[in-house]
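> My structure is below; once you've seen it, I'll send some questions.
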Amino acid sequence: MEAPLVSLDEEFEDLRPSCSEDPEEKPQCFYGSSPHHLEDPSLSELENFSSEIISFKSMEDLVNEFDEKLNVCFRNYNAKTENLAPVKNQLQIQEEEETLQDEEVWDALTDNYIPSLSEDWRDPNIEALNGNCSDTEIHEKEEEEFNEKSENDSGINEEPLLTADQVIEEIEEMMQNSPDPEEEEEVLEEEDGGETSSQADSVLLQEMQALTQTFNNNWSYEGLRHMSGSELTELLDQVEGAIRDFSEELVQQLARRDELEFEKEVKNSFITVLIEVQNKQKEQRELMKKRRKEKGLSLQSSRIEKGNQMPLKRFSMEGISNILQSGIRQTFGSSGTDKQYLNTVIPYEKKASPPSVEDLQMLTNILFAMKEDNEKVPTLLTDYILKVLCPT
């Protein structure tokens, strides 16, 4: 199949006069001949493509001629192409920028762009400077700029290091201003023990202050170097004594912390078991109400049936079995699902002080046995009464 023919004679005849009438508008004459001679010899072959486009006979010829023209244009990369595509001057660039500033679309696209404060991107030397840096260096510079900017915005300033005296003063203020809620709940005897412990703490703080003063006065290498042997020995004894005192205090505080944690666990377990027993007692009460209601309905229906039926014999096997079953229910409970020890009442005597950890442990064991309906409930309850309520 032959390629379609192209008839361009009439169109180019119409274009020639328009190009001749307005010679100043040279870019509008796309297919006209070049009005001036090309200076570059490598582009001299383009002069042969002046009016030959009119003699094209098919699309294939048009494509081939276009390929040849491209090859001629891109043969020499160093050739000057200002005659073919003139570069815009500075005035035209400024006019385009002014028109872009009035465009709403351009403003919407460029509002989120924040240039770097340390670099002016309009500087022509900035491209050469950035070209010599690698991507990692550029990335590091950007991170440094971002960190500096965030620090300046947030106003973060490094606090100066505190001396030992300042730290001790802050600790004293914290201990004086922060009341301990546990000490308020303790009895008078424990308060006396707390006063003695606070006095011991104040003594330790005084020793720390005296020790730090000696350290601050003689901490430098030169100060220690000029001290005599007896002074160094005395200072060493002070340091070792302070270390022993602080170690003992640390051990006591850690032991106290362990005791408080254990007491907290015992209280939590007691509260948990108590809530579980109360929930089970509530379920059992609801179940008993339901059974009583069903029993009342069954008795009412049985009375109606007995009125319609003949009276049974006085001493029958059915009557004897019913009597035995009712006696067993009254002795051991109505059914095997009833909890025998769930509703056990635990005697408790309210005192001025809260129950101790040992008392809470005994109560927790009793409640756990009640929840499981264990046979150990009477034994545990007896031990609790003898040891807590009526100690010998």
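Placed from the backbone N, Cα and C atoms, the Cβ positions cover glycine too.
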> Among the residue ranges 1-37, 112-148, I'd like the one that Swiss-Prot describes as region 'Disordered'.
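The listed stretch tagged region 'Disordered' in Swiss-Prot is 1-37.
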> Let's check the environment of SER58 (phosphoserine): how many other CB atoms sit within 10 Å of its CB?
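Taking every protein chain into account, the count is 13.
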> Provide the three-state secondary structure of SER58 (phosphoserine) computed with DSSP.
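SER58 (phosphoserine) sits in a strand per DSSP.
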> Give me the Cα-Cα distance between SER58 (phosphoserine) and SER298 (phosphoserine), rounded to a whole Å.
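Here the two Cα atoms are 110 Å apart.
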